[in-house]
Amino acid sequence: MAVAALALLALLPQALGQHNSSYVDYNVEANPDLFPQCLDTISLSFPDCQSGPLSKNLVCDSTASPYDRAAALVSLFTLEELIANTGNTSPGVPRLGLPPYQVWSEALHGLARANFTDNGAYSWATSFPSPILSAAAFNRTLINQIASIISTQGRAFNNAGRFGLDVYSPNINTFRHPVWGRGQETPGEDAYTLTAAYAYEYITGIQGGVNPEHLKLAATAKHFAGYDIENWDNHSRLGNDVNITQQDLAEYYTPQFLVAARDAHVHSFMCSYNAVNGVPSCSNTFFLQTLLRDTFSFVDHGYVSGDCGAVYGVFNPHGYAANEPSAAADAILAGTDIDCGTSYQYHFNESITTGAVARDDIERGFIRLYANLVELGYFDGNSSSSNPYRSLGWPDVQKTDAWNISYEAAVEGIVLLKNDGTLPLASPSEGKNKSIALIGPWANATTQLQGNYYGDAPYLISPVDAFTAAGYTVHYAPGTEISTNSTANFSAALSAARAADTIVFLGGIDNTIEAEAQDRSSIAWPGNQLELISQLAAQKSDDQPLVVYQMGGGQVDSSALKSNAKVNALLWGGYPGQSGGLALRDILTGARAPAGRLTTTQYPAAYAESFSALDMNLRPNETTQNPGQTYMWYTGEPVYAFGHGLFYTTFNASSAQAAKTKYTFNITDLTSAAHPDTTTVGQRTLFNFTASITNSGQRDSDYTALVYANTSTAGPSPYPNKWLVGFDRLAAVAKEGGTAELNVPVAVDRLARVDEAGNTVLFPGRYEVALNNEREVVVEVELVGEQVVLLKWPEEVQGVAGDE
């Protein structure tokens, strides 16, 4: 028997111990019981294409196509060897000199699941802010820089055998409902414009471009599709079967995945745990073949990985398959190429014996994975002449970390929610605010700064460390914890506040209550944090500033702080990464000026209690008491709106476009014109939204611009409140009259809407295109003529995925 098969047999008792007759109730339990080897971070090495057993095989011929090279490799496998390598932890084929490989690496906001050393070289990698904070900068270049640095560090670790060549990132699900525990991993609640832009910049940064000569790392767009709940009300993500209309699928739950495939050319997708409309995502031919490959133009030989344990989930808890061999067969035939788990490795033999699958079905998925590894230079030796990324090493990790982009991302993303003029604080060197009370469960945070999916960082700078280093006399007292109701430490916090010139409370939420497999039950401030803030506000003197930092990925209802005149300023700081303390400090002191904007809506606490978080319908519905979801459809009054963010200065916007009566475009002319620079006619620029932005205040500052569209005449009713069509960030607009020119292209398809059948349609009618929530500049646009379908939504038919 092949060595690879023997290696897997050694693990069989553990695997069977998992999958026995006393099944875990995964309709409630949200963590899959993965066997230890699935979680392994193995030492990686490269095939020897110079003198090893594969050296004469086509896989080692760099002039052949990636597909032909991968197919030639797979043709050498016995059936047992092929099946043994279909999981994320692949034992390789020792007789062929093919080393073990681990598909599962993470790079959400830095390297995770890397083989870090205890100290010295390869003992850390840069820990960036969580995506929800970086996205709040509304800076596409920044996201690309972050991803590029992550991929450089990933390749350096890979060359040392400490990290894989493909990563299970980015998470581009939308932060639809505020209780979601993994919203921190995403860019926010807007799908096509914000999340799609984030996906494009992150993926092209990770992969080294759109169509790079040398693929840097292979990114994975996850989780496809309709995944945005962990365990709300004891409904496990592993067993959720969500109902989504074709209209909402096309309009909200998949457009960012379309951009990832069609435009960014992502090399991998991950299918999700949940089922949609009765079909588990990893056995959903409509998702994995009809949409991804036939409609979204997923790259040739791009591969699909199941989320870890999701193939098993087709059987338990979904019950879509009668047993685990049938689940494995359903998934591979639908288009799930690699199983992050063990179902393929342990049950394909039975699936083949029963005739449910053939060797060709299994080969198809494995060839796709290894065609990617070919493109990544896995078989091309150690020479940098064959692949420039093979020369990267520890000095490149140190060099890219020294660029300080983690700090930059944090300061650019922090959002100023409220300010009565107290901020920025005067510095100790000016003879004011020499002492500061840092109070709250985030005041001395270190590991908390990283959020989830983090690796070892070079350093973690807490707020206490940062203010101490700046020369402040720091009075630190936690006062309370994230979720406690104990007031035992209130008195120490109140004493610290009385001893200081300035009070800063740092609290909110963290990964103890929002995390993978853990949703929140409420979006109110947890525990007794608001009570402590109220007491701090009540005792402070009128000339003593009280500033509150609301931390964490999800929003909490801060209406009590918004209305309390004694709370002088309120900011949102997310999970700010390794330099978080410095970023939080520098925003308060004015060393840097805030220009971030919320990428989610801050709802009143009652919102999360008024309807089911499993209601995936975006549009308001009186019957279900759904008040509408996201800024596009919410019918209530938010505490702070999507896109809200204040500055330390005053900006004025003016535009010659706004003086124009109206732009009129003929739909037939628009959709029949040549578009040599874009993949589709819908991606053509309709017009450029322009404005002059003048800083009339007293501080230099970046300016963030969000451009929205709205209509009350075009397309089907109901009509959304508005939707984002573009954004930009203007850097360092000079104070006292400095001016910068804003130019945001608005594509044809940004004015399109989605009909009930899921088709993306350009409808005739009148539209307004406006700058920011304040509508500082408004341009009127009219589309005339007959409506035109820009993207036809395919009919859902479940079947077997075809060959390429």
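Backbone N, Cα and C define each Cβ position, glycine as well.
What Swiss-Prot lists as active site is Asp307, and the listing cites similarity to another entry. Here the Cβ of Asp307 (active site) has 26 other Cβ atoms within 10 Å, regardless of which shown protein chain they belong to.
The number of other CB atoms found within 10 A of the CB of Asn115 (N-linked glycosylation site), across every protein chain shown, is 15. According to Swiss-Prot, the feature N-linked glycosylation site maps to Asn115 (among others), an assignment based on sequence analysis.
Taken residue by residue with DSSP, Asn139 (N-linked glycosylation site) is part of neither helix nor strand, so it is coil. Just so you know, the Cβ of Asn139 (N-linked glycosylation site) picks up 25 other Cβ atoms within 10 Å once every protein chain is counted. The N-linked glycosylation site annotation in Swiss-Prot covers Asn139 (among others).
Less than 8 angstroms from the CB of Asn349 (N-linked glycosylation site) sit Ile83, each of them six or more residues away in the same chain. Feature annotation from Swiss-Prot assigns N-linked glycosylation site to Asn349 (among others); the stated evidence is sequence analysis.
On its own chain, Asn404 (N-linked glycosylation site) has Ser579 as residues at least 6 apart in sequence with a Cβ closer than 8 Å to its own Cβ. What Swiss-Prot records for Asn404 (among others) is N-linked glycosylation site, and it gives sequence analysis as the kind of evidence.
What Swiss-Prot records for Asn433 (among others) is N-linked glycosylation site, and it gives sequence analysis as the kind of evidence. Look at Asn433 (N-linked glycosylation site): DSSP puts it in coil.
Annotation source Swiss-Prot lists N-linked glycosylation site at Asn444 (among others). Annotation for Asn444 (N-linked glycosylation site): same-chain Cβ neighbours under 8 Å, separated by at least 6 residues, are Leu438, Ser462, Pro463, Val464, Tyr476, Pro478.
Residues or ranges marked as N-linked glycosylation site by Swiss-Prot: Asn485 (among others). In the shown protein chains, 10 other C-beta atoms lie within 10 A of the C-beta of Asn485 (N-linked glycosylation site).
Note on Asn489 (N-linked glycosylation site): other Cβ atoms within 10 Å of its Cβ, all shown chains, come to 16. The N-linked glycosylation site annotation in Swiss-Prot covers Asn489 (among others).
The N-linked glycosylation site annotation in Swiss-Prot covers Asn652 (among others) and is backed by sequence analysis. With a 10 A radius on its CB, Asn652 (N-linked glycosylation site) counts 13 other CB atoms from all the protein chains. In the three-state DSSP scheme, Asn652 (N-linked glycosylation site) is classed as strand.
Taken from Swiss-Prot, the feature N-linked glycosylation site applies to Asn666 (among others), supported by sequence analysis. Cβ contacts within 10 Å of Asn666 (N-linked glycosylation site), excluding its own Cβ and spanning all protein chains shown: 13.
According to Swiss-Prot, the N-linked glycosylation site annotation covers Asn688 (among others), on the basis of sequence analysis. In this structure, Asn688 (N-linked glycosylation site) is part of a beta strand by DSSP. Long-range C-beta contacts of Asn688 (N-linked glycosylation site), restricted to its own chain and to partners at least six residues apart, with a cutoff below 8 Å, comprise Asn743, Val744, Pro745, Val746.
Positions annotated as N-linked glycosylation site by Swiss-Prot, on the basis of sequence analysis: Asn710 (among others). Asn710 (N-linked glycosylation site) is surrounded by 19 other CB atoms, counting those within 10 A of its CB over all protein chains shown. Annotation note: Asn710 (N-linked glycosylation site) sits in a strand segment as assigned by DSSP.
Annotation comment: Swiss-Prot describes 1-17 as signal peptide.
Take the Cα of Asn139 (N-linked glycosylation site) and measure to each of the glycosylation sites Asn489, Asn652, Asn666: the nearest one is Asn652. Taking the C-alpha atom of Asn666 (N-linked glycosylation site) as reference, the shortest distance to any of the recorded positions Asp307, Asn433, Asn489 belongs to Asp307.
Note on proximity: of the recorded positions Asn115, Asp307, Asn710, the one nearest Asn489 (N-linked glycosylation site) is Asn115, by Cα distance. Note on proximity: of the recorded positions Asp307, Asn433, Asn652, the one nearest Asn115 (N-linked glycosylation site) is Asp307, by Cα distance. In the three-state DSSP scheme, Asn349 (N-linked glycosylation site) is classed as helix.
The recorded positions recorded for this entry are Asp307, Asn433, Asn485, Asn652, and the Cα of Asn652 lies nearest to that of Asn710 (N-linked glycosylation site).
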